[in-house]
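As recorded in TrEMBL:
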type     : residues : note
REGION   : 1-28     : region 'Disordered'
DOMAIN   : 42-416   : domain 'Amino acid transporter transmembrane'
TRANSMEM : 45-64    : transmembrane segment
TRANSMEM : 70-95    : transmembrane segment
TRANSMEM : 120-141  : transmembrane segment
TRANSMEM : 168-189  : transmembrane segment
TRANSMEM : 201-222  : transmembrane segment
TRANSMEM : 242-261  : transmembrane segment
TRANSMEM : 282-301  : transmembrane segment
TRANSMEM : 330-347  : transmembrane segment
TRANSMEM : 368-387  : transmembrane segment
TRANSMEM : 393-415  : transmembrane segment
Amino acid sequence: MTIGNQAPKKERKSRKSKPVNENAPLLPKSKEEDAGFDEFDGASFTGAVFNLSTTVVGAGIMALPATMKVLGLGLGVAMIIFMAFLTEASIELLLRFSRAGKNASYGGLMGDAFGKYGRILLQVAVLINNIGVLIVYMIIIGDVLSGTSSSGLHHAGVLEGWFGERWWTGRFFILLVTTLAIFSPLACFKRIDSLRFTSALSVALAVVFLVITVGITTVKLINGSIMMPRLLPNVTDLTSFWKLFTAVPVLVTAYICHYNVHSIDNELEDSTQIKAVVRTSLALCSTVYIMTSIFGFLLFGDGTLDDVLANFDTDLGIPYSSLLNDAVRVSYAAHLMLVFPIVFYPLRLNLDGLLFPSARPLYQENMRFASITIGLIALIFLGANFIPSIWDAFQFTGATAAVCLGFIFPASITLRKTI
């Protein structure tokens, strides 16, 4: 149960040749099951691009300036571009073999290639990756609004800066309110295309963050207060050499969107557009990633923190510094709040497929839908309050589940199908 989309209506000519896996648990098995969604005419190209771009541009962008500190600007930017091409190639493999095998989900494709245990392995990987990513989102939101302590220094959050240290500006209370007021309502949508407007807004907020960061850096470059950054890593001993590899999981995690590609493809009005959707999304996200990495590292240099948003709490040395700091942090915190449901969507469906592989479609079972939603949100909330750093979470998910979802599984499927 790795997709939550119903097969588009058969009368749409562009979808007639679309392969559909009739055994996929979340696909309706009768007209009666499909009746509640019959008014849906398919997602647009623009909506699909926004949803996939929102899946890609999440918390990973905040750790990319820190990867520049590890790799150097030249090697770091080259790695971002390389990962974009690698991601496009792996998604192309998934789509090609999904069409050939008439599979409408990533899990269905893994099941077709490796049987029941292949599908289960895929579902477990999605659970590990998405829970880790969503915990990172909450950690960043807590850092931004409530504050964080790093290297013995306390970086005040936006609300802490405005109102001082109060019980209601503490991390636990801020995350609790955010979870109940924002995450929970947005997590209740049963079709991914319903999130296209929040996805468009989230992309716009990411651009706002980028524009402000570029503006601040440009002003400081003009007044000569920024030094030339390192283009290559600073390797002086064996320890610094091994540290280079800690940046790899962050780069891997930054591009993982494979678990949502089939869901978006299934809802497209014209299924032939999916390759263009993927390429457009990756081009947009790579541009945002490169500019954020360059200007974020230029702005803070070797003082760049694991979560670059935490750097925006001091005087930037330009007019309206405090206002710009708050605008940067609030805009990106709001962006992450809107990204949350896009990543939560496949998480819930894969957990349901793992626990109830033979049950009725999840969208038809309100009690099961609510129970899984509440349980997952509670788990993510607790994780965000006990995991200290986004770098720790990124290294774990990026080195395990993310690399499997993005590269190992697609390569394994290719080998299985061609040998």
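The first residue you see is number 1, and the count goes up from there.
Keep in mind that glycine also has a Cβ here, set from the backbone N, Cα and C atoms.
Listed as Cβ neighbours of the transmembrane segment (168-189) (distance under 8 Å, sequence separation of 6 or more from its ends, same chain) are residues 138, 141-142, 145-147, 157, 159-160, 195, 198, 337-338, 340-341, 344-345, 348, 373, 377, 381, 384-385.
Most Cβ pairs under 8 A with the transmembrane segment (242-261) among the ranges 45-64, 201-222, 282-301, 368-387 are made by 45-64. Tertiary neighbourhood of the transmembrane segment (330-347): same-chain residues 2, 4, 51, 54-55, 57-59, 62, 126-127, 130-131, 133-134, 137, 140-141, 144-145, 158, 178, 182-183, 186-187, 189, 192, 195, 198-199, 201-202, 205-206, 208-209, 212, 259-260, 263, 309, 376-377, selected by CB-CB distance under 8 Å and a gap of 6+ residues from either end. Away from its own ends, the transmembrane segment (282-301) comes close to residues 49, 53, 56-57, 60-61, 64-65, 67-69, 73, 76-77, 80-81, 84, 87-88, 203, 206-207, 209-210, 213-214, 216-217, 220-221, 226-227, 229, 254-255, 308, 311, 316 of its chain (Cβ-Cβ under 8 Å, at least six residues beyond either end).
Beyond the transmembrane segment (70-95), the same-chain residues lying 6 or more positions past its ends with a Cβ under 8 Å from any Cβ of the stretch are 64, 106, 109, 229-234, 243-244, 246-247, 251-252, 254-258, 261-262, 265, 274-275, 278-279, 282-283, 285-286, 289-290, 293-294, 297, 406-407, 410-411, 413-414. Within the same chain, the transmembrane segment (45-64) stays apart from the transmembrane segment (368-387): fewer than three Cβ pairs sit under 8 Å, each pair at least 6 residues apart. The list of residues near the transmembrane segment (368-387) in space but at least 6 beyond its ends in sequence, with Cβ under 8 angstroms from a Cβ of it, reads 131, 134-135, 137-139, 142, 171-172, 175-176, 179, 183-184, 187-188, 190, 344, 347-348, 351-352, 355-356, 359, 362, 393.
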